[in-house]
Amino acid sequence: LSRQAVQRAREAFQSGRTRPLEFRLQQLHALQRMITEKETEIATALKQDINRSQYDTPLLELIGIENEIKLAIDRMAQWAAPRPVEKNVLTISDEVYIQPEPLGVVLIIGAWNYPWALTLLPLVGAIAAGNAAVVKPSELSEYSSLLLRALLSRYLDKELYPVVTGGVAETQDLLRLRFDHVFFTGGSTTGKLVMEAAAQHLTPVTLELGGKSPCYIDKDCEIRVACRRITWGKFVNCGQTCIAPDYILCEPSIQSQVVDCIRLTLLEFYGADPKCSPDYGRIINQRHFNRIMSLMEGYTPVVGGQSDSSQCYIAPTVLKDVPPHSRLMQEEIFGPVLPIVTVSDMDDAIRFVNEREKPLALYIFCNDKKAVKRMIEETTSGGVTVNDVMMHYTLSSLPFGGVGHSGMGRYHGKHTFDQLSHQRACLIRSLKMESVNLARYPPQDRRRARRSRMALKSPLIDMSKRTLIWAISATVIGFGLLVALVVILLIAAGLNCTCWYWRGFYNYF
């Protein structure tokens with residue numbers, strides 16, 4: 001079934017159906033209509049999958065998808081248009097531009113924690129860029145997966161955008177096939193397998209992974225406000241967010257205050273018993289529940305710690321004085337457990353971050369702008385948010401993606417379009433003015449080599465701005481001064497330079 005779906009998608013793409021912008025717009029409008037008309041069904045599926053609140057689903061997933069679709073509809077013609085580039089003297093009369101063109105058939109492997117956003121956001125870019133796309137939602141979010149398969153076939157072109165459901169075996173079957181790009185969202189372990197499989201076909205990949213995103217709290221910031229924002233980012237979706245703050249770094253002097261502020265915020269958000277709160281989610285399945293519980297072994301929580309295996313429920317939990325080299329600090333937690341690691345100062349925090357794998361996100365809570373700038377300059381991460389968490393993800397103008405162990409490639413807005421397009425280099429010139437090319441042809445001599453070198457070293461010229469006028473003027477003036485100087489020197493030498501000058505000028509061009 002996977003092979004047949006991919007083959008049909010490739011045949012449909014090769015028919016040229018996706019090339020016209022009108023077709024792409026029609027598909028995007030249909031996708032937009034699907035989100036609007038089926039919001040209730042989507043929210044119900046997420047409630048069944050992960051106990052997601054009906055109010056959180058639009059905020060955490062659907063509004064972002066709608067914004068992305070609207071942006072693509074408004075800007076697609078601009079994104080897909082040829083992009084003129086700078087020229088040099090050799091190409092001054094040529095047509096030179098970059099033409100974005102579709103890659104072909106893209107495989108999109110979604111994730112279970114945000115099964116709609118993390119699957120449909122790449123699909124929006126794939127459609128806008130003119131690709132066909134085979135969609136593989138995660139089998140762990142079972143209800144969302146089945147609903148997505150039913151809805152996409154109803155709203156979008158069935159041949160160009162098929163949905164393949166199933167588990168690990170089905171995903172492996174897909175990865176054995178040749179695609180023109182693979183877009184994967186998930187963990188780094190699976191990401192390595194995806195990249196290895198794609199390498200067999202020399203297929204480029206976008207890997208949106210995760211990792212341990214640090215959250216540094218400076219002792220002089222508004223700790224109450226900082227903890228309120230951190231608490232939301234850490235425990236929304238029951239901690240199952242790739243850019244959630246994974247752990248806190250702070251000085252020992254404020255650790256107790258941080259714990260108290262988080263405790264008060266949790267009481268405000270979820271009440272005395274988060275298990276009864278309609279706004280607090282559940283762990284996706286028993287395997288992940290057991291994994292998170294095992295990470296907490298040996299610790300005494302200062303906040304939370306309660307659990308219920310039958311409901312895959314783990315209370316919002318805070319652990320203090322966590323050793324830097326403990327097992328809890330070796331892998332992404334991806335759950336509602338927040339360790340606090342103490343550092344002596346910002347220098348120590350920077351060292352701590354740099355000694356570990358590059359994270360997907362870095363969060364800095366600090367009022368000192370110079371200190372913030374220094375921390376940004378001296379660390380690296382996929383993205384940075386200062387004095388808040390996760391908000392950089394909501395801005396389509398910012399590229400979202402990891403670096404190193406946290407992933408490769410970027411998306412959101414135009415970045416998705418570019419990621420899933422081939423930037424084709426185009427140069428169109430006339431067969432006239434062949435004399436311009438004489439200097440590059442054999443037989444070569446010193447004079448021809450000098451002319452070629454001068455032409456190749458000429459500065460780039462932006463044809464669309466005033467710099468063109470300045471460049472031409474400078475070239476003409478410079479060339480005129482050079483010729484005048486040569487003529488004066490030759491006259492001074494007593495030579496008949498007039499005939500030489502015009503013959504040389506003709507030969508040069």
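Cβ from N, Cα, C; glycine included.
Pulled from TrEMBL, these are the features on record:
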DOMAIN    4-423  domain 'Aldehyde dehydrogenase'
ACT_SITE  E208  active site
ACT_SITE  C242  active site
TRANSMEM  468-493  transmembrane segment
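Summarising the environment of C242 (active site), the number of other Cβ atoms within 10 Å of its Cβ, over all protein chains shown, is 27. Counting every protein chain shown, the Cβ of E208 (active site) has 26 other Cβ atoms within 10 Å. The distance from the Cα of C242 (active site) to the Cα of E208 (active site) comes to 9 Å. Note on the domain 'Aldehyde dehydrogenase' (4-423): mean pLDDT across this stretch is 97.
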